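Step one of this worksheet: look at the structure below.
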């Protein structure tokens, strides 16, 4: 039987508050400045310095603006760092709008196919409700970007630059999702009436293509690649295709890269491969697949890759214990327990199980600091522009990484034979709403 909150209890709560006058100082500061500013720990800011024993040379940060394309920016940033070093470019970027266009069109097709597949289920079934919650969005996972690149390649930012809607995606997402839900109504009715759903879907996608062209521009089939390197030498290649550009200039075999996750919940054993039902963007594309490993294994692989001069795509819960102004992510950055007098002591597994934490954002690890043989902090390249953090870069303490990092993508050469074999086994399929199916925004 549930019990209501009584006035007697409220009086008791108020009395306990008045018995602690020292908290009036905290109250005044918090009410004027907010929780984070009032509880910021200066010791943490001093100890987390942006200096690293091992660091990959990078250029200025990119800016995803008001969009949820961090996973795309992070992956393309790992590619451009390699390309910039090889070709001697400065502040060169690959087109995030190009991959965004194909991602949205493919997600539309993926959604409509899933609507047709589930057309016999009730509208209020958990699966259909989950599909309709977000027909498509900006967010994604590493394997989704792999699917796009393998099918469409990449282009320089100059070949397909940003538009208003690529950087401020809310209106486009609203309109596209409204259209997709309308199409879902039509397709489900057509299925019930035994009409041609495939033909209807093709007509729908043709109109969605037009919507995307009008808001993002039409992707180039060929383009001219012309640039000056850091030595001011002019280089030129005419009429190259996006796939040829990737193979010739980026030249990374993405099949050699393995997504590692750290999900220490009871239902996910370590050294086991996982996938997520109904998660993806391209029908018959690269499936979402991870290998769940202990955090020490994940961090060692990332450290080794950085030491060898290659950056690392990683996914985390960026909003947890993170200070944007200085770009510090540390478990001690805010004195919350000391200020409020109670502890929030959930484990990483409990935060996943009880919906308090999950992968929300993707960035790039570009440096690591080793002191006395132990890693104590990491350099992080964000994609929020140069006005956030330290010219766009953040520093994460190793303790923060333990608690709030959920995924890295590393070359398989940094993993043992046993781990590679574990990844290659048949994955366990997770439900679509599992926290490890969350998308980086």
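Glycine too: its Cβ is placed from the backbone N, Cα and C atoms.
Model, not experiment: these values are computed from the prediction.
According to Swiss-Prot:
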- 70: active site (ACT_SITE)
- 361: active site (ACT_SITE)
- 382: active site (ACT_SITE)
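Distribution of Swiss-Prot features across the structure.
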{"residue": "70", "record": "active site", "CB count, 10 Å": "27"}
{"residue": "361", "record": "active site", "CB count, 10 Å": "23"}
{"residue": "382", "record": "active site", "CB count, 10 Å": "27"}
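The two recorded residues, residue 70 (active site) and residue 361 (active site), show a Cα separation of 6 Å. Separation of the C-alpha atoms of residue 361 (active site) and residue 382 (active site): 9 Å, rounded to the nearest whole number. Mapped onto three states, the DSSP output places residue 70 (active site) in helix.
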